[in-house]
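Annotated in TrEMBL:
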| type | residues | note |
| --- | --- | --- |
| DOMAIN | B:12-431 | domain 'Nitrogenase/oxidoreductase component 1' |
| BINDING | B:Asp36 | [4Fe-4S] cluster binding site |
| ACT_SITE | B:Asp299 | active site, proton donor |
| BINDING | B:Gly434, B:Met435 | substrate binding site |
Amino acid sequence: MKTLEIPTFECETGNYHTFRPISCVAWLYQKIEDSFFLVVGTKTCGYFLQNALGVMIFAEPRYAMAESEEGDISAQLNDQKELERICLRVKSDRNPSVIVWIGTCTTEIIKMDLEGIAPKLEKQLGIPIVVARANGLDHAFTQGEDTVLAAMTHRCPEYNRRTADQHEGDVARHVADDVAPNRKFSDGKDRSSGGNLVLFGSLPSSVASQLNLESRRQSISVSGWLPSQKYTDLPALGEGVYVCGVNPFLSRTATTPMRRRKCQLVGAPFPIGPDGTRAWIEKICLVFNVKPDGLEERENQMWKNLSDYLEMITGKSVFLMGDNLLEISLARFLIRCGMVVYEIGIPYMDRRYQAAELLFLQHTCEKMKKPMPRIVEKPDNYSQVQRMHELQPDLAITGMAHANPLEARDIDTKWSVEFTFAQIHGSVNARDALELVTRPLRRRSDSILGCRNLSRQAVDV
Amino acid sequence: MKLAYWMYAGPAHIGTLRVASSFKNVHAIMHAPLGDDYFNVMRSMSERERDFTPVTASIVDRHVLARGSQEKVINNISRKDEEQHPDLIVLTPTCTSSILQEDLQNFVDRASLSSESDVIPADVNYHRVNELQAADRTLEQITRFHLDRARSRKTLDRSVTNGPSANIIGIFTLGFHNQHDCRELKRLPGESGVAVNQVMPEGGSLKCLKDLPRAWFNTVPYREVGLMTATFPEKDYGMPYISITPMGISNTADFIAQIGKLVNVWASALSEKRLNYKLYVDNQTKFVSQAAWFSKSIDCQNLAGKEAAIFGDATHAASITKILVKEMGIRVSCSGTYCKHDAERFDEQVRGLCDEVIVTEDHTEVGDTIARIGPSAIFGTQMERHIGKRIDIPCGVISSPVHIQNFPLGYRPFLGYEGTNQIADLIYNSFNLGMEDHSLDVFGGHDTKEVSTKSPPTDRKHINWIPEAELEPNRIPGFVRGRAKKNTEVFAKQNNISEITIDVMYAAKEKSSS
């Protein structure tokens, strides 16, 4: 048997394509129903949102740009007055429960004191203003959500253990009745003293309830989500609350409740794929001192359901160029599905927050007798394309800037962005995730008139 | 600060990138933070571009913020020079670099010492110009750079081509139907004996730029991009240019007449035979273009006096206004553009053709205007298409900004004689679909299930159909009869009418059609 390989990390130039972190408004405004997102930036940000979000922009979205003009940059205009004018209009037009200011590169460079202005305007307007710095200087794509959720952590109400226990007991009783009517509630009595569980990460509500159900099956009730469906329903945080992430890009959000709210972090692999979901719930059970029940059968059943897809991808190779930080979990899931992963590109690798996931990746490689892929932080897209030419992977998971050119060079691609928007969490959605992965492979038909390569450039090279 | 949801023209660097990436073997390096290379996605997706977009970023991150870019930009330039050997590297400023006020010229000077490629900084001010102005400026800058150098190296060929020839300036990537227009434009002078010397920037090679002045004249099909590039050779080399957009029958005829004038001036000087363009125009107008015949046909008669609202870039909005009014007899209630920098000229072009001119970059103003007018059809950008959807008015898309569906694979020029056919289809289909929907509504809607649906008996108790009126619905098609009856009853109820006569029926119909 192979010895356990230690993951090696490389770091390249950071010349890679990804979405701007402000794109998080697209899914967050939909998730938090009573919010309004105001992106304080320039035309460049606006142009990005308008084009990246496609038809959403026509649906009267609850987000807008506060577009800085020359006068703002040269400080001829007063930031506070300008923002006040704009927020008053937002208030009168939409009446949101919270306005989230998204700071951008511009506000960073001109050092606009959003954090300082917000409390003043908040008082004046009577609407909470949350400030998140989701700028391209520090962050990539999904990390935008991380900045917003970390900022929202401060707005969560204080967890009061005694009253909450009472309340939680009530909830747990209902839950127990729902899930396992035969089982007596007394089973859970000793556990309720363990504290309560808040999950963080924005997921569509149906996926969130699926994950709730996963933990209820183990008689652990989820007491709240960050973010909640409404800003006014943010979960209580405080000593005795366990928090656990559902997405790999939430490292700031993970540290904030620990350091600022005295919560305890459950470091687990992420619930992506049946293997990930099981490992995730097992870790939570371990923390809550619950003996997991029926997880193995459940996982096996899930894999059985996926057999048609697995047949299609077993032995195929994949190259992840990296742009949304889901890459480690996705690679681990695909290796467990029998694929060979050549390279995991990733914008940023938090080895502490992802420690459990990394270890799980290592074990998965060992179990499946697959080589440990190289992990490339801040990848260089140009070099990656060169490597891909040599490796000729069966599938490249990549951004839209490279997808068509790679297809023209006869490398099948899957747009990585889709993994951010599709429902891939929990065992139930593993099928959806594989549906995405296998799409380019299923579509594959015989080449037209023997044209394998349809690029114009390659002819000269 | 400005509250904004939507913009018609993008930021300046997009214009520069569009021009740079249209040329062959030109690479643009943006001085920008992570994620600003969204242009690559747009080009790859919308244009379905099969090659890597020659645009990279020299990333501005925290370190750059603290210490400046220092060697980073220069290293990126040299690296690109070694990797891909482009003819030219265009260093592109973004909003970030303009706020940081880094000295891009200095980077360029230092980088050009070591690199084999030419390196220039795009001379665009982020806050002063938009995408289109920047594209115009960059195209001029690149052209001037190469012509000036050729002149100083004495490699500039000033002799004109033997036969008449023209340059086509302003065809570029992500332009609205530009690829198709280009094909049509090559044909147009081609058929009348004029060769195409160069097309730029799309597919143009910088090595050939020095031969640009060999053409007899330049043509600039779109007002927004190319005018600057055409005006300086006129001054420096005495090269005339045609800035008429050959869109619509009369504009195309004017365009050809201009070609005729320019060619024949030279032809007589070179003792070549004079070409007769009138016959060509006549033939094309009558037989190649169906638009002239279409405007005479009864189809178009039905459109006479219908109202339309138009909004788009200056070129397309003005030309379509002219086509609708002069060639189809449609009333244009409102014509507008977002090209504020070209407002005066736009106003001049459409004055007298429409009731109202709007020049704005605010889509809500456009939406409000359209809603107030309530035209039968809208011709605008994707934004107007959605405005139309909201208020149930059909819309033909005639200008950027556009979606992927406006980059059709099939041949869809807007210019030239084939263009007139395409435009006629677009206009007729937009109006006709509107009328079809409307008459369906009048007759009670699509849903054939409704035929058997009878109003609840309690409702009918108070409504009495007089026998004569009872027979009337039998005259309309069966599948809409039920709905028509029901609509009439609803109308009667709303107006407290207890007896339905034929008059009431028609009043109901009139009400629903207003």
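The backbone N, Cα and C atoms fix where each Cβ goes, and this holds for glycine too.
Bear in mind that TrEMBL entries carry predicted annotations, made automatically and left uncurated.
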Recorded positions (B:Asp36, B:Asp299, B:Met435) in Cβ proximity to chain A, threshold under 8 Å: B:Asp36
Three-class DSSP secondary structure - B:Gly434 (substrate binding site): helix
Least buried by Cβ count (within 10 Å) of the recorded positions B:Asp36, B:Asp299: B:Asp299
Candidates B:Asp299, B:Gly434, B:Met435 (recorded positions) with Cα within 10 Å of B:Asp36 ([4Fe-4S] cluster binding site): none
Cα-Cα distance linking B:Met435 (substrate binding site) and B:Asp299 (active site, proton donor), given in Å to the nearest integer: 12
Those binding-site residues listed as B:Gly434, B:Met435, and which of them has the most Cβ atoms within 10 Å of its own Cβ: B:Gly434
Per DSSP, three-state class assigned to the residue listed as 'active site, proton donor': helix
